Amino acid sequence: MPTLQNARGVYLITPDTRDTAQLLACTLPLLPHITWLQYRNKQADAALRLAQATALRAACTAHGVPLIINDDAALAQQVGADGVHLGEDDGEVAAARALLGASAIIGVSCYDEIERARAAAAAGANYVAFGAFFPTATKVTTRRATPALLHEAAALGLPRVAIGGITPSQVPELVTAGADLIAVVSGVYAAADPVAAVQAYRAGFTQ
């Protein structure tokens, strides 16, 4: 199982889009400024997901950025991604590990539940994600995580990801509470200047 103690920074998640050219045009300039990229597209069919994931795999490899596939271990295996992110209904860690191998990065959404994080760690997950910390338009959720949850999860010994409506000004608070990675979608992709936005998120780790 890979060790990710040095994982720190911006965990960028792609938006839902069918425009592959636009997705790549926006994402490529961001790769030098992020730690991980997660491919997530809930609107695309299987063929488009494969095409987009394949293109992003090549781009990430060129920039040395790990690519994580959202919710689909089979797609991760197909494109040679570095890992998979599992939500509540996306299968078990053990099954993903069996498919992707010992070196894969497997993350689990834990929402506002420390017990879910403990179970994920026990099952062999490589990181745990909590959120939403703030209101977000990206995903409808009534679950609200708190900074105290990040602190409590330190005992797991895994990288902790914070997600959900986070702005650059809120990054220092979450990092102080224990977040190793800040996951963001619209805060970067919907910004007038996505590169400046991702740099602002990154700067929050040094404040």
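Every residue, even glycine, has its Cβ placed from backbone N, Cα and C.
What Swiss-Prot says about this protein:
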- Q38, Y39, R40, N41, K42, N70, S109, K139: 4-amino-2-methyl-5-(diphosphooxymethyl)pyrimidine binding site (BINDING)
- D71, D90: Mg(2+) binding site (BINDING)
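Positions of Swiss-Prot features highlighted on the structure.
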{"residue": "Q38", "record": "4-amino-2-methyl-5-(diphosphooxymethyl)pyrimidine binding site", "DSSP class": "strand"}
{"residue": "N70", "record": "4-amino-2-methyl-5-(diphosphooxymethyl)pyrimidine binding site", "DSSP class": "strand"}
{"residue": "D90", "record": "Mg(2+) binding site", "DSSP class": "coil"}
{"residue": "S109", "record": "4-amino-2-methyl-5-(diphosphooxymethyl)pyrimidine binding site", "DSSP class": "strand"}
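Neighbour counts of Cβ atoms within 10 Å were taken for the binding-site residues Q38, N41, N70, S109; the minimum is at N41.
Counting only residues at least six positions away in the same chain, the Cβ atoms of I13, T14, P15, D16, N70, D71, H85, V185 sit under 8 Å from the Cβ of R40 (4-amino-2-methyl-5-(diphosphooxymethyl)pyrimidine binding site). Applying an 8 A CB threshold to same-chain residues 6+ apart, the list for Y39 (4-amino-2-methyl-5-(diphosphooxymethyl)pyrimidine binding site) reads T14, R49, Q52, A53, L56, L67, I68, I69, N70, A81. Each of the binding-site residues D71, D90 was scored by the other Cβ atoms within 10 Å of its Cβ; the lowest score goes to D90. Between K42 (4-amino-2-methyl-5-(diphosphooxymethyl)pyrimidine binding site) and D90 (Mg(2+) binding site), the C-alpha separation comes to 13 Å.
Distance noted between the C-alpha atoms of Q38 (4-amino-2-methyl-5-(diphosphooxymethyl)pyrimidine binding site) and D90 (Mg(2+) binding site) is 15 Å.
The two recorded residues, N41 (4-amino-2-methyl-5-(diphosphooxymethyl)pyrimidine binding site) and D90 (Mg(2+) binding site), show a Cα separation of 14 Å.
The two recorded residues D90 (Mg(2+) binding site) and S109 (4-amino-2-methyl-5-(diphosphooxymethyl)pyrimidine binding site) have their Cα atoms spaced 10 Å from each other.
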